[in-house]
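Engineer: Feature list, courtesy of TrEMBL:
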type     : residues : note
REPEAT   : 13-108   : repeat 'Solcar'
REPEAT   : 118-202  : repeat 'Solcar'
REPEAT   : 214-300  : repeat 'Solcar'
TRANSMEM : 12-33    : transmembrane segment
TRANSMEM : 80-101   : transmembrane segment
TRANSMEM : 121-144  : transmembrane segment
Amino acid sequence: MAPAPSKQELPAWGLALAGSAGALVANSCVYPLDLVKTRLQTQVKRTANDTHVEDEGHVHYEGTLHAINHIIAEEGVSGLFNGLAGNLLGVVSTNFAYFYWYSLVREMYHARVDSKGTSTAVELGLGAVAGALAQLFTIPIAVVTTRQQGQRKGEKKGIFATAKEVVDQDGVAGLWRGIKASMVLVVNPSITYGAYERLRTLMFPGKANLAPHEAFLLGALSKMLATIATQPLIIAKVGLQSRPPPQRMGKPFTSFQEVMKFTVERDGILGLWKGVAPQLMKGFLVQGILMMTKERVELLFVLLFRAARKMRQEQLEKLAKIAAEKVEQGKAAAAALETAQQAKVAASS
């Protein structure tokens with residue numbers, strides 16, 4: 001009986017590719033929720049003192065369903081997918097970088113520090129390191145995507161046009177707006193994947209490969225825990241990366257603390273959790289689908305690696321056999337030549 005496939009057989013890039021594939025499928029399925037939560041998180045309540053502020057006719061969404069219905073009515077169904085290309089590019093690159101660095105730092109930890117296992121604290125630390133490294137390389141895509149998601153009818157621009165707008169307004173450094181908040185937010189994926197590994201150990205001890213529904217459940221639960229804990233920081237990051245609200249008169253935020261202060265002043269303390277409903281729905285579905293897909297892709301890669309190794313082994317054995325036959329043929333030819341020479345010598349004598 002063949003041994004059960006194990007993800008330990010995969011190199012770092014294999015794990016990274018599996019994670020990216022899962023993220024691509026998951027985010028493609030629930031992208032409208034991502035766009036809606038961004039718009040909910042960036043809108044600000046109007047007050048009596050804002051009568052002079054031009055809000056460009058933008059409607060204040062009352063919730064997830066109201067936002068979806070209004071976007072479809074004003075922009076068509078395609079409006080729910082504004083910025084999809086940039087989002088998927090960012091998702092794939094971020095998840096590839098995260099899973100690549102996560103698998104590498106985890107492997108290094110096991111090789112140099114502790115080969116027996118990792119505690120929850122260590123899992124969180126490894127996830128934070130991997131998340132920070134991934135953010136450094138991929139945050140410009142997140143900035144562009146956030147800008148695109150906030151564009152209404154008549155404002156829509158492509159990826160490069162939006163990136164140029166950011167650079168024109170804030171310089172090249174503008175592509176890294178929110179880097180500090182993003183660095184703090186590395187605790188989100190670290191909590192997510194740390195919780196995933198811990199819940200997996202508790203709920204399915206000793207199980208090498210999870211069924212799709214098991215991976216979905218663990219992924220969704222772990223993401224919900226991380227989202228609730230870090231939602232205020234998510235609000236701050238989105239505020240930094242999007243256009244400043246009309247009440248700011250074009251003045252951009254300079255720090256995530258400033259975004260949080262402005263949000264509390266306008267929306268109250270609960271404003272730090274605005275958009276949490278679509279954020280949770282998106283996180284629940286995305287993380288569940290991501291982990292379910294990732295587990296399946298990892299299993300496929302393991303089987304492909306095994307098949308490739310088996311084919312290589314068979315080829316090596318075949319080459320060795322051919323080489324052995326050649327050697328035997330050479331020995332036989334040498335023996336025949338020696339016999340012929342001996343016969344020739346005997347005949348001449």
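Each residue, glycine too, has its Cβ placed from N, Cα and C.
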Engineer: Given a Cβ distance threshold of under 8 angstroms, which distant residues of the chain, six or more beyond its ends, lie next to the transmembrane segment (80-101)?
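Structural biologist: Residues packing against the transmembrane segment (80-101) from afar: 12-13, 15-20, 22-24, 27-28, 31-32, 34-36, 68, 71-72, 129-131, 133-135, 137-138, 141-142, 144-145, 148-149, 151, 156, 159, 162, 189, 290.
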Engineer: List, by number or range, the same-chain residues at least 6 past the transmembrane segment (121-144) whose CB is under 8 A from its CB atoms?
Structural biologist: 86, 89-90, 93-94, 97-99, 101-102, 104-106, 109, 114, 159, 162-163, 166, 174-179, 182-183, 185-194, 197-198, 241
Engineer: Please list, for the repeat 'Solcar' (13-108), how many residues fall into helix, strand and coil according to DSSP.
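Structural biologist: Going through the repeat 'Solcar' (13-108) residue by residue, I get 75 helix, 0 strand, 21 coil.
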Engineer: Mind checking how the repeat 'Solcar' (118-202) divides into helix, strand and coil residues in DSSP?
Structural biologist: 69 helix, 0 strand, 16 coil
